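What follows is a short report on a single structure.
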Amino acid sequence: PRLGPKPFSSNSGDVSFDKVFAVPVAPGSQENIHHASTAGSADNGGDSFVAPAPPPPVAAATQNKPDLIVEIEIKKPNADNEGDSNVQKTLSTSERRKSSADADESPDKIFEQTHSESSENSTEGDDKPDAELRRFSAARSSIAERRRLYESRSKSTVEEKSQSPVPLRRELSKGEPFKPQQQANLTTPTADVKRISAPEGKLLEERRRNVSTSVDGGGAAIKKSATEAAITNTHKRTSTVFGKVSKFRHLKGTTGHKSTHIENLRNLSRQIPGECNGFHANHERVAVPLSGPGGKIAIFELSRPGRLPDGVIPSLVNGSNIMDFQWDPFDSSRLAVACDDGIVKLWRIPEGGLSEPTNTPERELIAHLDKIYFIRFHPLAEDVLLTASYDMTVKLWDLRTLEEKILLTGHTDQIFDLAWSPCGKMAATVCKDGKLRVYNPRKSETPIREGNGPVGTRGARITWALEGQYIVCTGFDKVSERQISVYNAQKLNAPLNTASLDVSPSILIPYYDEDSSTLFVTGKGDSTIYCYEITDEEPYICPLSHHRCTSLHQGLSFLTKNHCDVASVEFSKAYRLTNTTIEPLSFTVPRIKSELFQDDLFPPTRVTWKPTMSADEWFACNDRKATKLSLQPEGMEALSSIQQVAPAKKIEHAGNGSSGGALTRAEFEKNKQQEIQKSVSARLEYNTKLEQDDMEGVDENEWQED
């Protein structure tokens, strides 16, 4: 029996269900607009509803790319409200319960109806726009159906990512190269569109398929051209592990036998300036500075190794502090010593060595009025000496007449080092002001090129590499870390590469071997000789096997190439000064056929132990190149002459008794390797026994169930 009006009906006046409860709507729908209008009319005390705007056509929706809009049509059971049957409204509690009960009773029926209606809409297209609203009938007004609609809408939302450029491999596989317009068509402008409807997603997918189908043909020719281009641009063979492959990577440093050492050294000087290497040797004798007043330099004959007596050591007494000293490269008995009074003293060592201390030099050269930083002999011209002083000038002297020939200027601070180019025409300096300078002394008194060098002010060294094409500079950075830099000799604005080593106060002294392009660097007080190969391609500095000594050394001096034992594959020889000994040090490369002359390691070397020109010829710009000499001993065969290329052998296939095609050398080598692998496999023991076969299992009775 009906006892009263239906609670929470639309005619209930101020007491409205819409003001108490609100069913959450699906995101993207326009139902919230109708809900707001309904709430506004309720506040005014009326029951009127705002009619929704007619739905837009499907074609217009496709052009404007709207989101999927959910329209809900509610039919009221009362006959009095038939005029309002097409009005959109939020569900009431009773309608929600009734609709959910109906949906629970026949979910399959609703699903079939939904599927049929959606298929009809897909076939009708733009001719029947009302079909879109028919899909959302009263049967879909339940909470379960609304949830299903919400989930299906979230699945149909496509969020396109910005597509990356077409890869080269993918582009070359197409029938013709992409044009800018064609590539613009492929790239869908979806950066500004975050959500699209389900029909939009289908259209985009079909568009991608059509484009990919239209450009699929004729890719074989482009692939072939790409392959040929890749083969043309192949680089030199390099190791994937170590980078550039070097013949001297596994060099080995070996200290000579103890019988060749000079022992019991005493009173070594620790006051030598940083610009001086502190130790020099030639193939006959070595010069070692001693501590104490008078500027003493001890001379030891290498032909008389052993333990030194405890008495007075024969030495050269200069009378003032020693700044630098160097052996004449063309005369092993003449030693030049620079002192802090600006005088260069030329000493002549008698045959057989010193027998007692002496203070009478052969000649004296008053070079500067201030202290001298260092002295350098010319590498090719005889009797040409260079001096650098605290007055920031560099002078070139003719030692035969003791006459100053050239004065170089342009330095603004202390000069750390100077190095002659291999051709003897150029000279490079590194200065405390952080600049590298290259001079052509016979043409200009000022530098012809200038660039930035090491920023540290502790000290630096410089040398030339690769026939004068590059300059190697060692120094410090801002945090006193030792580093090695390689510069192009024609462009000094910035280093090509810089290798950092460690933090140490000692200056790295470089020693460069021309034939092997090996750079040896070490410092006073170090126990490691760092080895690098300087190349003309990146990374320009390739680390080799470093040599670690058993004790600290105070200096290192290398000999010329003609004193290397090539029969033992010795490509460099040096003498090492420690606190108490002088030891020979040999650097070799491991080779299997050491009885042969390794001509790939020992190319014709420049003769640097004999003068190429006189001082007058050099100052007159009559340059001559240094002669080259082969280091191959007599009666020793070269490795290249033994390694003869074997002719391509023809091997007939004997599989079926008929003669097959002739094998090339590569195929022959491959077959030979397979035969070797088979022979090695045949020697291996073939055992199919498993480890668990020797294990003792449990008793069979234990597996029986009780």
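Our numbering is plain: 1 for the first residue shown, then up by one each step along the chain.
Glycine residues also receive a Cβ, built from the backbone N, Cα and C atoms like all the rest.
Quick look at what TrEMBL annotates:
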type     : residues : note
COMPBIAS : 84-93    : compositional bias 'Polar residues'
COMPBIAS : 94-118   : compositional bias 'Basic and acidic residues'
COMPBIAS : 125-135  : compositional bias 'Basic and acidic residues'
COMPBIAS : 143-177  : compositional bias 'Basic and acidic residues'
COMPBIAS : 180-190  : compositional bias 'Polar residues'
DOMAIN   : 241-306  : domain 'DUF1899'
REPEAT   : 365-407  : repeat 'WD'
REPEAT   : 408-449  : repeat 'WD'
COMPBIAS : 693-706  : compositional bias 'Acidic residues'
Lying 6 or more residues past either end of the repeat 'WD' (408-449) yet within Cβ distance under 8 Å of it, the residues of that chain are 275, 373-374, 376, 378-381, 386, 388, 390, 392-396, 455, 457, 459-464, 467-468, 471, 473, 475, 487, 489-490, 492, 514, 606, 612, 618-619, 621, 623, 625
Take every residue in the repeat 'WD' (408-449), average their pLDDT values, and give the whole-number result. 96
Helix, strand and coil residues within the domain 'DUF1899' (241-306) as assigned by DSSP: 3 helix, 23 strand, 40 coil
Would you mind splitting the repeat 'WD' (365-407) into helix, strand and coil residue counts from DSSP? 0 helix, 25 strand, 18 coil
